[in-house]
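Here is what Swiss-Prot records for this protein:
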- 3-23: transmembrane segment (TRANSMEM)
- 68-88: transmembrane segment (TRANSMEM)
- 89-95: topological domain 'Lumenal' (TOPO_DOM)
- 96-116: transmembrane segment (TRANSMEM)
- 149-199: domain 'DHHC' (DOMAIN)
- Cys179: active site, S-palmitoyl cysteine intermediate (ACT_SITE)
- 194-214: transmembrane segment (TRANSMEM)
- 215-255: topological domain 'Lumenal' (TOPO_DOM)
- 256-276: transmembrane segment (TRANSMEM)
- 340-343: motif 'Di-lysine motif' (MOTIF)
Amino acid sequence: MDFLVLFSFYLAFLLICVIMICIFTKSQRLKAVVLGGAQVCARVTPQCFQRAVQTLLHQLFHTRHPAFLALHLLLQGLVYAEYTYEVFSYCRELEFSLPCLLLPYVLLSVNLVFFTLTCSTNPGTITKTNVLLLLQVYEFDEVMFPKNSRCSTCDLRKPARSKHCRVCDRCVHRFDHHCVWVNNCIGAWNTGYFLIYLLTLTASAATIAILSAAFLLRLVAVSNLYQETYLDDLGRFQAVDTGFLIQHLFLAFPRIIFLLGFVIVLSLLLAGYLCFALYLAATNQTTNEWYRGDWAWCQHWPLVAWSPSAEPQIHQNIYSHGLWSNLQEVFIPATPSYKKKKR
């Protein structure tokens with residue numbers, strides 16, 4: 001099986017897995033499948049190996065650990081090293097526009113600034129000194145956020161839209177999610193930084209993908225490879241087709257082809273997640289609220305949820321105040337005075 005077919009299967013498998021996770025993430029089916037697979041594996045693997053894996057997974061996903069942050073920087077460094085070493089040099093020889101070739105470095109500079117801000121900024125840690133103030137920022141919807149609920153770990157009243165992060169072991173104001181890639185929670189005070197970081201990361205991956213593909217296409221055009229012929233396995237001359245051309249380019253520029261494949265997949269994944277993050281920002285939701293929304297409504301209204309004759313109920317998002325105000329709140333966190341203006 002040639003390289004093109006294998007690479008196509010790899011891309012298709014990866015994208016299908018991501019789509020399946022996105023589709024079933026709000027249901028119990030995926031969890032049941034994962035737990036069932038884990039139980040099957042547990043029966044055939046030694047106890048010592050299971051304990052080692054559990055310890056490793058706990059360290060990586062249930063404690064603040066810089067492993068994913070280091071992996072993020074390593075992958076980003078490798079991508080830019082390959083871009084600088086080969087793609088940039090070859091594109092200069094083919095007389096590409098210099099501003100276009102420098103654009104990935106501009107995006108990298110901006111990305112690193114907002115990456116640092118996302119990592120280092122307090123996401124909105126709730127403490128005894130600020131809990132009374134934060135309790136006044138958002139109204140309680142009495143569905144996902146009951147008025148008198150307390151955090152059993154921090155022993156503090158829980159402001160609306162807050163959540164206790166088990167990884168960081170703290171309650172976070174307007175909690176969105178814990179991001180292992182920045183080793184920090186995403187909350188009220190760093191969501192804006194996170195969005196710009198995600199936007200520039202997506203743009204840099206897409207720009208490198210476009211420039212790498214443009215280099216290969218111009219190389220094919222300059223070399224007139226489509227007009228060449230080759231000998232097949234039966235000794236007959238065949239016109240160069242797309243499959244043969246890709247394999248030829250892979251043999252001639254293997255690192256660039258791998259780079260192109262990686263950044264294409266990365267661009268698609270990041271673009272999908274960026275669209276989701278922008279949707280949440282435009283509707284003034286957090287990832288935590290989006291994930292919990294349907295389940296919280298079903299718990300609060302069991303008769304409505306399970307009665308076949310009842311009309312379907314929709315959980316109203318009381319925190320959305322229009323597109324412009326919602327986006328403004330992402331970059332300028334809401335305050336008690338902000339809430340009063342909206343009344």
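Positions of Cβ are set from backbone N, Cα and C atoms, glycine also.
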Check each residue in the chain of Cys179 (active site, S-palmitoyl cysteine intermediate) that is at least six apart in sequence and keep those whose C-beta is under 8 Å from its C-beta; list them in sequence order. Thr118, Cys185, Ile186, Phe194
Chain residues in Cβ proximity to the transmembrane segment (68-88) (below 8 Å; excluding those fewer than six residues from its ends, i.e. six or more beyond): 60, 101, 104-105, 108, 119, 180-183, 205, 208, 211-212, 215, 253, 255-256, 259, 262-263
Quick check on the topological domain 'Lumenal' (89-95): DSSP residue counts for helix, strand, coil, in that order please. 5 helix, 0 strand, 2 coil
Residues of the parent chain within Cβ reach of the topological domain 'Lumenal' (89-95), under 8 Å, 6 or more residues beyond its termini: 101, 211, 214-215, 218-219, 222
